[in-house]
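A short worksheet on the structure shown next.
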Amino acid sequence: MLDIKFIRENPKKVKEACDKKNVNNGDSLVDQILDLDIRKRSLLTSLEALRAKQNKFTKSASAKNSGETMDDIDKAKKNKLEIKTLEPDLQETEKKLEELLLQLPNIPFDDVPVGKDDTQNVVLRKVGKLPKFGFKEKDYMELGKDLDLIDTERASKVAGSRFGYLKSEMVLLEFALVNFAMEVARKKGFIPIIPPVMLKEQMARGTGYFELGDEKEAYYLPEDKMYLAGTSEQSLIAMRADETLALDDLPLRYIAFSTCFRREAGSYGKDTKGILRVHQFDKVEMVVFSKPEDSKKEHTLLLSIEEELMKKLGLPYQVINICTGDLGRPAAKKYDIEVWLPSEKKYRETHSTSNCTDFQARRLNIHYKDKAGRNNFANTLNGTAFAIGRTLIAILENYQQKDGSVKVPKVLQKYTGFKVIKKK
């Protein structure tokens, strides 16, 4: 959510942000917000004056020998009636204003490339050498079937499309990735968390992903009025809702492992086979609460951790500066990391990291007290440590051998207890 004072003082900038982030009718939305804001302030002024007058009537009536006349009594009754008339009007105006404010996106930083969609994202750098095989390489599903690591047929029988069973060494590889990420992050001050994967409706919406149809991507349990988390970022940010963080605790860093759920409603026909794009997946996610002046530094830290993990795995990747049209509502700045998949001869997304400034903290009422004792909204940031399924896919494809086996990245071997995955 944006500060209403900022919107009043910078309506053109907010309208430009709506346009850059592909928010329909952004100009009209901002104009409606400003009109409601004027009405709200006018109603507040009127009510304050009426309440002050009512207090005078009350004091006058309670005073001894006040000599109150019938005219005074009638004026007091009329004044009270006006208050009762305006109060629901103010409540309704505040409600409408809140609903519209929630639809506004965060303002992109000036250094974010302007573009309509992901085709206009900017590649910042490519890291690592692409593998050269002296044989015809297999895709991850061939390898998964040959080595008895992935079973989508039985998963389809049990749960339908876009599900998979992970088996044997694949499971141990998953937990190796989790342990590896946790070890790296803990050394940098991150607190490990296993969060709830179900969220109350207001908490899910508080992170800013559920406006203007975005909720279609989420699984909703109507009887319980709960959402299944699409990322543990939602649960981690909401964990500190309605709290005042201690200044000495900032930056406050969390790293979480959880199962995540997405309907993939907007992905019809994309990656329908295999486990690249599924409804249920495991993820290791990082979240940071910081002071505003530290958020850019923390964003750099999150990206550096993501790159450290990929470099130590020995996987070739590229870093992407996300353009305005692909940025998402809460983010002011976002980077993606994409890993090379030999079978597709292209890079595929495995990581993202976003600086959401105070956008989520305003929605969830997350403050910290500065040295002067003033309440300020915290800044929130998030970053993927590992999207487990996609990272496993990249390991299978990039580490495959001529004999059909798959080497385990050296950094994971101390967790797995084996160096190679072979046919049984």
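Backbone N, Cα and C atoms are what each Cβ position is placed from, and that goes for glycine too.
Per TrEMBL, the candidate among Glu211, Glu215, Glu285 that belongs to the L-serine site alongside Thr231, Ser232, Glu233, Arg262, Asn382, Thr384 is Glu285.
A distance of 9 Å separates the Cα atom of Arg262 (L-serine binding site) from that of Phe281 (ATP binding site). Here the binding-site residues are Arg262, His279; the one with the fewest Cβ atoms within 10 Å of its Cβ is His279. For the binding-site residues Glu233, Glu264, Glu285, the ranking by surrounding Cβ atoms (within 10 Å, all protein chains) places Glu233 first. Sequence-ordered, the extra residues of this chain that approach the L-serine site, with Cβ no more than 8 Å from the Cβ center of Thr231, Ser232, Glu233, Arg262, Glu285, Asn382, Thr384, are Ala229, Gly230, Gln234, Cys260, Lys283.
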